[in-house]
Amino acid sequence: MSKLPGYALVGRILARRNLTFNRFAAFNPGRKAVISIPFFWLAVFFFIPFLVVFKISFSESDIAIPPYTSLFTWDADEAYATLTLYLGNYAYLIEDSFYLDAYLSSIKIAAISTIITLIVGFPMAYLIARSQGSKRLILLSLVILPFWTSFLLRVYAWMALLKKNGVVNDMLMALGMIDEPVRMLQTDFAVYVGIVYTYLPFMILPLYAVLEKMDLTLIEAAEDLGCHPIQSFFLVTVPLAMPGIVAGCLLVFIPVVGEYVIPALLGGSDTLMIGRVLWDEFSLNRNWPMASAVAIVMLVVLVLPIMFLRNRVGNKESI
Amino acid sequence: MTASDKASRPNYNPLTKPAPELWRDPDATPFVVFDGITKKFDDFTAVDNISLNIYKRELFCLLGGSGSGKSTLLRMLAGFEQPTSGRILIDGVDMAGIPPWNRPVNMMFQSYALFPHLTVENNVGFGLRREGMAEADVKRRVKDILDMVQMGHLARRKPHQLSGGQRQRVALARSLVKRPKLLLLDEPLGALDKKLREETQFELMNIQDELGVTFIVVTHDQEEAMTLATRIGVMNNGEVVQVGEPHDIYEYPGSRYVAQFIGSVNLLEGQVIVDEADEVKIQSADAGCILHVNHGISCAPNQTVHVALRPEKIQISHHAPEQTENCMQGVIEDIAYMGSLSVFRVRLNSGKEIRVTQPNFARDMGARFTWEDRVYLHWDIDSSVVLTV
């Protein structure tokens with residue numbers, strides 16, 4: 001082995017110690033430059049707004065522009081600066097069970113729709129990964145094709161499909177399966193349909209990525225050792241696809257928890273999701289501090305399970 | 001078999017001792033039968049009407065280049081491919097319609113196909129657990145087989161933490177642990193370096209001796225086939241062109257293809273001038289002399305035939321030998337000193353190039369011949385073989 005420069009050696013040792021973040025720590029200037037671009041982007045468009053929201057969550061609602069009290073007051077005569085941290089928003093979040101219900105309901109809807117997306121997406125990803133040449137390309141582009149139209153438009157299309165005199169009801173009646181239109185729009189069912197439809201590509205693509213790389217002789221080896229194909233699926237394919245499963249689930253679960261448009265358009269008044277609550281606080285009640293507190297708590301609620309999953313996958317990959 | 005039987009065999013190879021030579025007995029029941037097997041992929045014929053019997057405790061090598069159909073044949077035995085026509089019998093049972101997971105066969109894959117998410121012991125125990133074997137028995141069997149392949153100390157490692165040779169041992173253990181009647185090995189030693197290959201070859205033969213399994217090995221490496229096999233089936237273009245013991249395949253190749261595929265060979269073209277029951281004389285313009293061979297052939301008078309002559313069977317000298325038949329003249333064009341032997345490339349007067357190897361039985365052998373030397377090449381009448389195809 002040729003002699004390594006010192007920083008590379010340090011990087012290697014750290015990598016071997018499984019300090020994953022060090023893989024991203026730039027030990028050479030070129031790397032640093034490349035990484036600094038997304039880093040800068042995230043800092044400006046994610047981290048700073050987050051700090052602003054965090055700040056606002058400690059203000060009180062006010063009839064003013066902007067509609068909240070300022071944290072700092074400066075008395076020029078007395079040279080007296082005060083920092084007022086109002087914790088009432090958070091206290092109210094805990095006191096009023098409405099918010100807790102909204103969080104729980106969001107997580108429930110997100111969890112159920114993630115599972116449905118996984119069950120629907122896995123066979124699709126599997127089929128795409130196993131098909132050859134141009135067929136695979138066509139199937140893959142079919143998965144990506146919906147992104148070419150506006151998300152909002154697609155949700156409206158579902159409204160047309162699911163409404164009382166919509167396509168689905170008409171068809172079911174024509175087939176004689178139902179006598180009168182079923183109420184589908186403005187139910188949880190419509191919300192699940194919309195979410196699963198919208199987020200399916202986010203599940204399929206990471207699954208496809210892992211399944212496509214999988215060595216098919218492993219399946220043959222399992223069958224050779226006495227595995228029925230169903231067994232070999234659960235004993236070999238699924239464990240090996242785990243990184244893709246976790247990635248897909250996170251890609252679906254996280255945005256769905258905060259989803260606003262789909263429950264607002266397809267869901268009924270009783271479909272409680274935190275994204276809607278947040279929007280209502282912000283626009284109807286014009287209570288920016290409360291909305292900010294809701295957003296901060298949502299972030300905390302989401303970050304914890306993600307960190308847990310990240311750790312699990314990280315361990316899986318390092319073994 | 002008794003010791004005297006062994007001693008009476010002229011080509012007795014102590015390394016292949018465990019197999020009684022069932023294939024020499026016309027009444028023996030074959031263990032694996034390929035009966036007119038053909039496999040087509042669309043319009044490409046991968047395996048073309050092969051009929052072949054393999055006997056219990058054999059270590060049968062299917063030898064051929066890439067695309068010769070040897071792997072397809074193996075995959076049909078394992079059940080991963082279905083023959084287009086023909087029957088496969090294993091231990092008298094027709095394998096048609098029996099899926100891979102119900103066949104009394106295990107396979108060691110060329111890529112080893114170890115499950116990357118399982119430890120060594122769980123890889124090996126995988127097949128036993130599918131049988132529903134009690135956990136204590138699984139543990140014991142896994143431990144035994146890992147000890148046998150000397151991998152017991154690494155049982156808790158994952159495949160990616162092992163070297164190529166270690167992975168290969170695990171793959172072998174995994175394919176043996178279910179005690180299959182028939183073990184299929186696809187290029188088992190392909191990924192190993194030379195030293196490790198040699199060790200493993202002997203180990204494989206010891207294992208076969210110990211467990212009494214029937215092995216079918218697919219390989220493109222003729223050296224591997226020669227050392228391992230009880231019998232070799234040479235494959236070309238989806239057909240088995242010759243089946244025989246390593247010695248027979250090497251010394252009595254049936255065709256130019258086999259002669260060239262196994263080891264290196266010089267082919268001399270000529271016309272038959274004397275065709276007796278037990279000797280043949282051939283006038284060869286290539287050689288510039290009469291070639292005399294002490295076995296008969298069936299051919300038409302004046303038919304063009306080829307004489308196959310192995311490089312190590314040729315004597316090289318500066319002085320004209322007494323014999324005029326089987327004696328050629330040429331100039332040394334190239335010399336390669338390989339330590340144990342030297343390889344000469346000799347250009348004959350006819351322009352034909354001949355490869356000769358000489359063992360370096362004295363230290364100064366290398367210095368006795370040099371470039372541009374005029375030399376005589378001669379050999380005995382029982383050293384060459386006449387090939388009509």
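The chain as shown is numbered from 1 upward.
In case you wondered, yes, glycine gets a Cβ from its N, Cα and C as well.
Note that the structure is a prediction, hence the values are computed from the model and not measured.
Features reported for this protein in TrEMBL:
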TRANSMEM  A:33-54  transmembrane segment
DOMAIN    A:103-309  domain 'ABC transmembrane type-1'
TRANSMEM  A:107-128  transmembrane segment
TRANSMEM  A:137-161  transmembrane segment
TRANSMEM  A:189-211  transmembrane segment
TRANSMEM  A:232-254  transmembrane segment
TRANSMEM  A:291-309  transmembrane segment
Pairs 6 or more apart in sequence, C-beta under 8 angstroms, 3 or more of them: is that satisfied by the transmembrane segment (A:291-309) and the transmembrane segment (A:33-54)? yes
Answer key: the stretch among A:107-128, A:189-211, A:232-254 with most Cβ pairs under 8 A to the transmembrane segment (A:137-161) is A:189-211
Taking residues 6+ outside the transmembrane segment (A:107-128), which of them lie with a CB under 8 Å of any CB in it? 136, 139-140, 143, 188, 191-192, 195-196, 199-200, 202-205, 207-208, 211-212, 237, 241, 244-245, 248-249, 252-253, 256-257, 259, 263, 271, 273, 301
